[in-house]
Each structure stands twice: as C-alpha cells, then as structure tokens.
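Engineer: What Swiss-Prot lists as N-linked glycosylation site is N33, N227, N228, N314, N408. Feature annotation from Swiss-Prot assigns disulfide bond to C396-C496, C449-C460, C581-C601. Here Swiss-Prot flags 708-728 as transmembrane segment. The feature compositional bias 'Pro residues' is assigned by Swiss-Prot to 776-789.
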Amino acid sequence: MKAFSCLLSVIATAASLFQHVDARSHARDKLNNISRVERPVIHTPSRRVHAHSHFDLTFDLYPRSSRIKLQLEPNHDVLSHDARVTFLDTEGNVDRTERIERRDHSVFKGWAWTQAKSGAWERVGWARIILHRDGEDPLFEGVFTVMHDHHQVIAKSKYVRKRHQQDPPLDNTPGEYMLLFRGSDIAQTQSTGNVERSIMSSPSCDADTLAYDSNSNFMFPPLPEENNTSIWNYFMTSIGKRQMTDTGGVVPGSRDLKETIGSTSGCPNTRKVALIGVVADCTYTNTFASEMDARADIISVVNAASVVYEHSFNISLTLGEINILPKNCPATASSATPFNQQCDDRAGGGSFTLADRLNTFSAWRGKKTDDFAFWTLMTDCTTENQVGLAWAAQLCVKGVQGNPDSRNSSSQAVAGANVVSKTDNTWQVFAHEAGHIFGAVHDCDSMLCQNPANPDNSRCCPATASTCDARGRFMMNPTSGSQITDFSPCSIGQICSRMARRTILTSCLTTNRGVDTISGQQCGNGIVEDGEDCDCGDEESCKGNTCCDPKTCKYTSGSQCDDANEECCKGCKFASSSTICRTSSGPCDPEEKCSGNSGDCPHDIHSKDGETCGTDLQCASGQCTSRDLQCQMHLGNQVAGSRTVAFDSYGCEVACKDPDRPNVRYEGSLTFLDGTPCGGGGTCKNGQCSGSTFGNEVSDWVSRHKPIVIGVAVGAGCLLLLAIASCICGRSRRQRPRNRKMPPINMRPMAPVYNGWNGAPPNAQQSSPGGHPPYNNIPPPINAPPPAYPGHLPSTRYA
C-alpha cells in the first residue's frame, strides 16, 4: 500500500509538470538609425535636483532637431518602504543586507512634450527616467513615448557593449554621453509564408523547447483518434519548432478571447501594488563598474516597465528586494545559487541555457517565504538570440512544482519566476515576460494567423473580433517590433477576465492606501500614507478631482472621501449601504455592499470550496463549476462542445474526452480551478492535488477501476467459497464410522475360581500379608478356557 501511495504521488507530480507554459523573448534586429541627445538642460535655478525634485528636462534630438521636454516628478512607487538590497558571496551566502535609501536614487516619472514651430508645447506621451548626473552636463537614461513610438535613451558605454554588428557605428567623440533610438528605428523582420527571414536571427518569443510549451493544446488541431493520445506525442510528429508559441497557462477558449477584447472588468478599480524581487547574477553585475550601478539599472528597468501596467491594469510594479551576486563568477556553481554561473559553464558539456537558469532559479525562488508577486533573474547571458523566459500564469504563486535535475535537461521546476537578459531595451523584455506571469498569451501576428494549427485564430490574441493580425504594435507581440509601448486591448481583456475568473491569483496585490514608501510621507506620490486623507498625485493628475487637495493631501471642505481612490465614495460622500461596490460573479461569489460609513468596499468573500451550487456543481475559487464544465469551457471547441466531459476525476490537469470516444484523451497546459475536487478527497491548488489521504486514494482508485475490482472480488470470492466447501467436505469424511479392530479390554478379576487350571494363575505370586502385587494386565492364554465369574456378567468377544 505504501508503494501504491508513492506511485500515485509520483504520477500526480509528473502530470502537474505539464500544466504551465514558458515564454521566451529574442534579441532585437539591427538599428537603422541612432541619434545623439544634444543640449540637455535641467530647468532649475542651479541646474541641480535631488530624488524628490519636480522639474522639467529639455533636449534636442540630433540630427532631427526636435526639441523634447520631459515634465518629471519623483516616482515613489518603484521602491517599497522596506526595500532592501542583499549582497551575496560566490557561495550564495548572505554577505550583508542594506536598506535601499530612496534619496540615493533619482527615479522620475512624468510626461513627454514636443515643441511645435509656433513654440507651443504638446503632450505626446509618458516618460520614465533615472538621472545619473545633474548640473550643466546631465546624464540620464530611460524611455519616453512620442505618439506611441517608444524612445530609448541609453549611455554610450552601454550601447558600445551591446551593439550589434550591423548597428550604426559611433564617431570618436570622447567621454560619456547619451544616445537615443526609437522603436521604429529597429529593422523589421520580413516574412513570406511560414518562413521567417531577417538579417539577424529571428527575434521572437517562441515557447517550444520545454515540456510545458509542447503540451499546449491551444497550439494544435484536434488529436487523431488513438488510444491515450497526448498533445506531447502529437507535437513531436506534426508541428515544427517555429510554428509554436506559448499559451499562457489556463487559457479561455477562442470565443472568450474575442468577447473580452478591451474589457477591464476584473481589473482593480483603484491602484494596486505588486511587490517584486530581483536577483542580479555574476554575469549581470560584471557589466557595471560598481554594485551601485547594477542596483540603479535594475531600478531603472522596473521604473520603465511599471508604467504600462499602471496604464493598462491599474497595478504598479514595486521593488521589494534586490539580491546582488559578486561580479566574479565561481569556478563551480554553488548549490545555494546554482543559476549563478558563466553562460557556457554546464557540467557534463554543452551550455547552461536560459531554460536551465529559469529552472534552477525557480527552485531557488520556491524556497522564499515572501508575499512577492514574482521574482526576476537578471543576467547578461543569452541562448542563441533568446533574451527572456518566463513561466506563465504564476502570479502570486508560492512554492515550486517539480525539481530541476542537472543530469536531466528536460526536468523542470515551475514557480513565480522569470529570467531577463540585459539588452539596450531590457525594460520591454521585462514587461513582456511579466505579462506572461500575469497570464497573457501572445498577440496574433501574420505567421500565427496563417498557421493551420491555429484555426479560427483561437491560439493568440487577435487585433479585433474580426481581425486577426495585431501587426506587432503591442507588448505581447511574439516578435520584436516598433512602437511597442502598451498592451493590446485583447491582452488587457484576457488578464482582467482571468482576474475576474480567478484563473490567476491576485492575493499578493496590495492596496496603495496606508502603504509606507521608502521616502516616508510624500504628498503627491499617488499613495495614501499615514497622516494623509487622500493623494491623487501631482496637480496634472488631480485635474477634475474635487474631493482631494493635491497640495495638502487632505479632503476638500465638506468631503468625506475621494472618488478616485475609494470604491464606496460617490460625489466625495460615503455611498449608501445599499450601494453595490463589487458585483456578484455567480452563486459562489455574493455581491458586496458599502457599509454607509466608510469609503472602502468590504473584503471580497466567496462561498467555501466544495459547497453545492447546482446539479452536479460545486464552488471552486468563487465559481460554480465542475470538472466537466471546465472541460467544456477550455477544450470544448476542440473536443465535443457541450458534450465534452472530464477524462477522470483524479488529477488537476484539464484532461477531457468525447463520450463517443472514451479512450481518447485531450489535454493541454491547463489546470482546474483551485478548489476543484480531485483524487483521494483532495482539492486542486495551483495545479496539484493537495489534502488527499491514503485511505481516500485507495477508495478513489477502487471507484475508478470498478470492473477490475469486481472481477478480482468475484474471483477471490469463488476461491474462498471453494476453500470453505473443501474444508466442510474434509471434516465430513473424517466423522464417518468405520470397522476397525477394538483394543483388548483388560478387567481386574474379582475373587476368581480357577477350574481346570493347574496351580496358580499365570504370572501370579503368592499373597503376602502386605497385600497383592500389581497385575501385569496380561490376558490368559488363548487356548485356556475363560474363567468363571460369579453373577451374570456379559461376556466379551475378542476378535
């Protein structure tokens, strides 16, 4: 029985390892143009600023002669109050830990403006920068947008280090200065049919080398009718490498992707904060002059990436912890940090790939006990032209599934983690890979739209309900492209609907009310801190807000709350107790109403998992569902529509079947909702069956194999009956009477009278006064006549 339980555990674990999806990003193509940032001016009296300054920064773009103005303010969201940096030694042990002082990092956000010929300024986009040097000759890096075309500002030294062979060369101007390139300056890959061609290797985010990717049903047509056919086997024989992409974990059907395009239902109405952790490995740290510079670059990357999440999902990405490893890579990777090694240093030969780094880093992340949304490993290594890799739909997931084995390249560990390689547009790679962790699939491009494995354009996010190709304009584009600064309406609808359906976790997302920031109390940072009634941001952001005074962060006269930051606030007054602040999503998720004396909406409460909510339906993660219903939702289009049922009731991977073909198993990188019943009396949790017991496992196995059990029971019963019958028959035979010789009966004579005997009886001795000696129980001789006894004793016949 112990072995049986162990076997079930192994099978369940192995099955769970085919439920998630990884996504990988590839390096950009060559640059057609690059500009130098000329005449930068900080518009303050002394040309000096500090980390908490509000100021304008202007400069020219040579040779375009365009004047740009960045209107900037501190971005206090990028660092949490207790943000810290931990310095590790080469063995992975903690050397020291320091608090990240907000005043040491001049990180800013704001708006980009262009100057017309008339001299008037027009706002054309957003800006996120980090200032390295102020004064008369400032030096900064970051990104800003002009009409949705991103402009990347980088230092000359960084460009030289990461310059592609066919990028424009630089002149011999000495010293450090700033360069700029646009997304539209990147050479675009040309494609003809299914063959992609470019001067550089194809820049894409394909996810076809790890088992999680290969097991994705949403990249394949229906399976051929074979017993126990799996997506993995079908993939190995029918789909080429370049025809794949990832699916982002638990993906709604094609109808759902189209129906939710542009919908923000499910995303937070008020600002939420996602705390993240970042680790810099030795190869990444080695690209900087100091550990301080490495830390600043990480902050700059998160600062730039956060803006697209704030605009799309009302979620800020905030650094909670940074771990920095020494720049000298160890000769042999430590068991504590196996991901920290040279790019081509893998035991047993070959290269230590980006997938290897993700696996080992995920195992490391799984041991962390924090409440971070995810962790990112920053590295300077790539695999061919791949520069990013992430597990999909792992937001807020704690722990790890699986275990990487250095001797087995196919072994995987899945956690809330990703890997990002250092490039000159790292922030985009970071934002793209984080999008997969939030559960986004790729946007459709021309290749996916023409792929026969993508019927009805259901395996990617289409541009509209009637148009497939998104033309490479958005953050989840599978290949590099220009003007990528936002998520597509389809990606927004998908992520928000996943939050609403609870197919991704959001428990780690915190509110921005009562959050302590690294800088302490700062009015105007958009976070309501101790001592503040409200905080709508700077004066530009607070335009039209009549509830909050942006200068004092106090309610205006007569106001009780702030409509922009409190869900139970209407017209600066508390909403009535009959006001619904969070609607019901079904029988298992009751609506929440305002209290009438607070601006906050009560906590979201849903029915207990396992409660009955309909015929053959139970609550799971706030949804009224069943295993069959989830199969119909996720794989119905590929199997049998509304007739689709679950293949079994044991595991937590979505495995379905057509009742007319019960031996054909349809599966993919899908998991049942948390709280869905699974084998052994357990429930699904992050794709694994937890809470099962050995007794229930045995009972469940019996119920799932009734024909076998009945056959064995009948056979054993018959054998038992035969054994009992045999015993009864044997006992009956032993009790039957039989003719047999009777043993002689010796009787002690009483005063016998010997007639015809000569002398005394045989063997007799003369009596003595002391009594008689014992008799020897010897019968009389056969020929001797029997003795005569007095009385009428019956005679005994000896035979």
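If you go along the chain as it appears here, the first residue is 1 and each next one adds 1.
Note that Cβ sites are derived from N, Cα and C of the backbone, with glycine treated the same way.
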Engineer: Taking the Cβ of C396 (disulfide bond) as reference, which residues of that chain separated by at least 6 in sequence fall under 8 Å from it?
Structural biologist: D371, A373, G416, I504, L505, T506, S507, C508, L509
Engineer: As a test of the contact definition, list every same-chain residue at least 6 positions from C496 (disulfide bond) whose Cβ is closer than 8 Å to its Cβ.
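Structural biologist: In sequence order, T260, S263, T264, S265, G266, C267, F313 meet the Cβ cut-off.
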Engineer: List the Cα distance (Å, whole number) between C460 (disulfide bond) and C581 (disulfide bond).
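Structural biologist: About 33 Å separates the two Cα atoms.
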Engineer: Taking the Cβ of C581 (disulfide bond) as the centre, how many other Cβ atoms fall within a 10 Å radius?
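Structural biologist: By my count, 20.
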Engineer: With the cut-off set at 10 Å between Cβ atoms, which of these disulfide-bonded residues ends up with the most neighbours? Options: C460, C601.
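Structural biologist: Within the set of disulfide-bonded residues, the most crowded position is C460.
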Engineer: Find the one among the recorded positions N33, N314, C449 whose C-alpha lies closest to that of C601 (disulfide bond).
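Structural biologist: Checking each of N33, N314, C449 against C601 (disulfide bond), the shortest Cα distance is to N314.
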Engineer: With every protein chain in view, how many other Cβ atoms are within 10 Å of the Cβ of N33 (N-linked glycosylation site)?
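Structural biologist: Its Cβ has 14 other Cβ atoms within 10 Å.
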Engineer: Near the Cβ of N314 (N-linked glycosylation site), how many other Cβ atoms are there if near means within 10 Å?
Structural biologist: 16
Engineer: In Å, rounded, how far does the Cα of C449 (disulfide bond) sit from the Cα of N33 (N-linked glycosylation site)?
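Structural biologist: Per the Cα atoms, C449 (disulfide bond) and N33 (N-linked glycosylation site) stand 30 Å apart.
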Engineer: How many Å lie between the Cα of C581 (disulfide bond) and the Cα of N314 (N-linked glycosylation site)?
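Structural biologist: So the Cα of N314 (N-linked glycosylation site) lies 17 Å away from that of C581 (disulfide bond).
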Engineer: State the three-class DSSP label for C460 (disulfide bond), counting H, G and I as helix, E and B as strand, and everything else as coil.
Structural biologist: coil
Engineer: Have a look around C449 (disulfide bond) and count the other CB atoms within 10 A of its CB, chains all included.
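Structural biologist: If we count other Cβ atoms within 10 Å of C449 (disulfide bond), we arrive at 17.
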